[in-house]
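As annotated by TrEMBL, domain 'Sugar phosphate transporter' applies to 11-300. Under the heading transmembrane segment, TrEMBL lists 7-28, 40-65, 77-98, 104-124, 131-148, 154-171, 192-211, 231-250, 257-278, 284-303.
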Amino acid sequence: MPSSKKEALFIASLIALWYSSNIGVLLLNKFLLSNYGFRFPIFLTMCHMSACAILSYLSIVFLKIVPLQVVKSRPQLLKIATLSVVFCGSVVGGNISLRYLPVSFNQAVGATTPFFTAVFAYLMTFKREAWVTYAALVPVVVGVIIASGGEPGFHLFGFIMCISATAARAFKSVLQGILLSSEGEKLNSMNLLLYMSPIAVLVLLPAALIIEPNVLDVTLELGRKHQYMWLLLLLNSTMAYSANLTNFLVTKHTSALTLQVLGNAKGAVAVVISIFIFRNPVTFVGIAGYSMTVLGVVAYGEAKRRFR
């Protein structure tokens, strides 16, 4: 087989694994938190972070997927810890929202990440974009407002947690650019995950035991009742790491534009699959709102590229 075909096949396999990991962990989160009786989003996030810590160490130190980058100073470690706490907040908020909202609406709200990123970039770094770029964000916000009005399963608390998680994700992205801006402190995403994950576990474990005090009893009881409980939890946690790893590899082997297009399509695929699996009702207004948001995100990305 020619090398070009081998490379194309490798990239296609990466994208397929990236899609299946991202969509798989999202759907499994929803299944566990809403349909399975495992109502512990903080503990679930801690399981994800534990898997990320162990698998990151194995893949970097032993498998050498990427070179190990060493933390060089205490201030750098404090910056990573700050990012880890914000990261925890975004993931926990997203998982809490899945207890109350359909995956389809969760993805519609999550698509507004570029809006929050632009706002935080402006407020924190005074970075201004061309007016056309900001104009492209209008349909992103309007689309979510329309989708909210047309969502049969709308839940106010779930919506607040989802929008907070989306804002926290954007905040972490901008904060990372500020805190780890010097050449000596920059870490690639896999090394950053290696250092953030154990810190996240240390933050989430006491939080889970305090806020979700009966988590161990209920988890053990579910494990006795359902023979696949532990397998589902292990698979879910492994997929959380796989989503990060494949995202890194797809970024490495494709262009920024390709990644943006694939990312937008991934959200749409997740919505369609979730509707088929969970059978949540959707309305024309909800679909129209989500479509407007996605088109706004596409327009925003194109405007950023052209008017940089």
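A Cβ is built for glycine as well, from the same backbone N, Cα and C atoms used for every other residue.
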Contact check, the transmembrane segment (77-98) vs the transmembrane segment (154-171), 3+ Cβ pairs under 8 Å, seq sep 6+: yes
Positions on the same chain near the transmembrane segment (231-250), where near means CB under 8 A and six or more residues out: 11, 14-15, 17-18, 21-22, 24-25, 28-29, 31-32, 36, 38, 44, 47-48, 50-52, 55-56, 59, 65-66, 188-190, 193, 259, 262
Can you find at least 3 Cβ pairs under 8 Å between the transmembrane segment (257-278) and the transmembrane segment (7-28), where each pair is 6 or more residues apart in sequence? yes
Where else in the chain does the transmembrane segment (131-148) make close Cβ contacts, counting only residues six or more beyond its ends and a cut-off under 8 Å? 105, 108-109, 111-112, 114-115, 118, 154, 159, 285-286, 288-297, 299-300, 302-304, 307
Other same-chain positions with a Cβ less than 8 Å from the transmembrane segment (40-65) and lying at least 6 residues past its termini are 25, 29, 32-33, 88, 91-92, 95-96, 98-99, 190-191, 193-194, 197-198, 200-201, 204-205, 207-208, 211-212, 215, 218-219, 233, 236-238, 240-241, 244-245
Spatial neighbours of the transmembrane segment (284-303) far in sequence, C-beta under 8 Å, 6+ residues away: 104-105, 107-108, 111-112, 114, 118, 129-130, 132-133, 135-152, 257, 260-261, 264, 267-268, 271
Taking every residue in the domain 'Sugar phosphate transporter' (11-300), the average pLDDT works out to 92
